[in-house]
Amino acid sequence: MDVEKDSVIAAETSKEKVSVELNNKSEIKGEEYAYLDATGFTSELFKIELRGLPKYYGIGELKKLLNVKMKLSTNKIKIMKPGSPFIFICFRNQEDREAAIKMLDGYKWKGKSLSAFEAKPAPDPLVRRRKEASAADGEPLNIKRRTVEASATSLAYLPYEEQLKQKQSEMENVLQKFGKELWSSIPTLRIFVEKQRLLHGGLPCAFEPIRPSPMQDGYRNKCEFSIGKDALGVKRVGFRVGSYSNGFLEVESIAHLKHIPECMKQTVALFEQFVQSSPFDVYSAETYQGYFRQLTVRMSHATGQVMVVVGVHLQSLSEEEKNAMKSSIVECLTSEPGKKAGISSIHFEIIQKRQQGQYTNPIEHLYGDTHIEDNILGLTFRISPAAFFQINTPAAEVLYQCAIDLAAPNNNTSILDICCGTGTIGLCFARHCKQVLGVDIVEQAIEDAKHNAEKNGIENCIFFAGNSDDLIMSLIRQANIMPDQQESLIAVVDPPRAGLHIRSITQLRNARGLNKLVYVSCSPQSAIKNWVDLMRPCSKQLRGEPFVAKKAMAVDLFPHTPHTELIILFERETEGKPELDVNTANNCTDEPANEQPHT
């Protein structure tokens with residue numbers, strides 16, 4: 001009897017859910033919302049707006065609050081901008097959305113009372129822009145169509161010396177912003193910041209002249225090319241000149257771009273001919289139909305090897321059709337033009353929605369070498385399809401040598417290589433120090449790092465797979481530094497564009513014996529918060545002595561583009577503490593935080 005009753009209740013509940021979903025869709029009309037039906041499922045249907053967020057919070061701690069502490073089944077978190085007082089959170093069904101609103105509305109977090117309520121789905125930006133264009137008899141409002149040259153190589157019109165001057169000036173602006181942030185957010189450092197500005201022309205630390213790239217044209221050793229259609233509907237392999245959000249999906253030719261090597265251009269031209277004659281269509285971000293989406297090409301300046309990774313949406317292809325597609329790809333890329341381009345390695349990437357904890361798509365080796373090799377500072381490095389490797393190999397040599405010069409290690413120095421990737425920085429340091437301990441979250445990268453150490457006969461490097469946020473203290477214990485024997489510890493960090501998580505910064509600050517840190521940034525604007533946190537006064541969280549920025553230098557890894565790498569040397573003021581307020585300094589302790597993880 002109870003079983004029958006439960007079945008009836010479950011059926012009614014199911015009907016209510018379907019009814020709610022249908023009502024949600026029926027309330028939203030117009031072309032901008034057609035995607036709600038076309039895509040089968042979209043979490044935009046079950047979205048909430050969360051307001052009243054504190055001024056300072058990290059997306060990591062927000063996710064922990066939602067998914068771990070409150071156990072909410074979030075599907076997607078849409079951030080408007082860092083530190084925004086409101087965000088959108090999407091769920092998989094109406095039940096999860098209602099549960100989230102009930103828990104979050106009125107919840108107190110970091111001294112703020114949150115408010116949560118239902119939010120309407122976002123309109124399709126592509127359709128919206130097209131409607132604007134139609135109404136304006138031309139281009140979408142406020143959007144200018146750019147050429148592929150202007151999009152990919154916006155500084156190519158300038159002589160190289162002028163590019164360097166502009167980048168030097170931009171990095172000075174970044175350092176000035178860093179100084180302003182120090183001055184405004186850390187009152188105890190204002191006297192120090194003013195002294196530094198007087199010494200270094202308005203900057204918070206010494207800044208050396210920018211190092212140029214030894215190679216300015218054809219330097220890229222990796223490119224991810226889009227596969228789509230141009231403005232005339234012709235299938236192309238190249239770069240997009242716009243984005244979905246601004247209403248342009250066109251893919252244009254890369255044949256005239258200065259920073260792409262000739263072997264890549266030949267590979268792209270060959271695969272474009274293949275795509276144009278293939279029975280399989282190109283993928284459309286608008287309709288979610290089609291197959292060919294991306295072509296990743298890697299090359300080695302040292303060996304001339306070219307690796308190709310073809311990214312495909314399989315849709316509902318049968319095994320026979322998949323095998324036929326793979327065979328045709330190999331046949332195309334191993335033809336005479338493919339051999340001329342230097343193609344020696346072919347892989348097949350299945351592009352799909354990634355599961356939690358998955359960082360790369362499945363990649364299948366189809367032909368030739370499984371890896372390619374390149375050289376930096378006399379060392380040979382194996383490069384796998386998804387591994388991180390600096391895209392300008394000759395300039396990477398300059399970058400790593402600058403990092404070594406700034407760190408100035410000796411035979412009694414241990415190096416912590418945080419976010420080590422395939423071990424390039426750590427292995428370049430190895431001959432100058434006692435030992436290197438590296439960590440990276442991508443397991444394949446760690447496998448490559450171990451292989452690279454063995455191949456180069458380097459025995460004083462150990463690499464660990466895992467999250468640096470959890471493993472830094474374990475690495476320090478593994479290093480087993482003995483200061484009474486003049487041993488020292490230096491951290492070298494080369495994080496992704498977003499920078500280091502605050503947990504990593506906290507552990508670096510709390511690490512006893514770590515008195516020097518070299519921060520390598522590919523996105524200096526994004527790294528400013530990390531730099532400020534390294535220099536903050538001691539607190540309950542940041543227990544170790546603050547670091548002080550001593551010297552910065554820029555290296556141009558990306559000629560013809562506005563991007564620049566910036567390295568900053570930080571050192572602890574271990575004696576006298578001249579830069580700190582006396583009361584603040586007396587509260588400092590070198591005790592590490594409790595509950596440190598183990599390897």
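The first residue you see is number 1, and the count goes up from there.
Glycine is treated like the rest: Cβ placed from N, Cα and C.
Residues annotated as active site in TrEMBL: Cys522. Every protein chain considered, the tally of other Cβ atoms within 10 Å of the Cβ of Cys522 (active site) stands at 19.
Residues annotated as active site, nucleophile in TrEMBL: Cys522.
The S-adenosyl-L-methionine binding site feature in TrEMBL is assigned to Gln390, Asp440, Asp494. The Cβ of Gln390 (S-adenosyl-L-methionine binding site) lies under 8 Å from the Cβ of Ala396, Leu399, Thr424, Leu557, each of these being in the same chain and 6 or more residues away along the sequence.
Residues or ranges marked as region 'Disordered' by TrEMBL: 579-599.
Apart from Gln390, Asp440, Asp494, the residues listed for S-adenosyl-L-methionine, the same chain places the Cβ atoms of Phe388, Cys419, Cys420, Gly421, Thr422, Thr424, Ile425, Val520 within 8 Å of the centroid of those Cβ atoms. Residue annotation for S-adenosyl-L-methionine gives Gln390, Asp440, Asp494. The furthest Cα pair among them is separated by 16 Å. Reported as a whole number, the C-alpha separation between Cys522 (active site) and Asp440 (S-adenosyl-L-methionine binding site) equals 17 Å.
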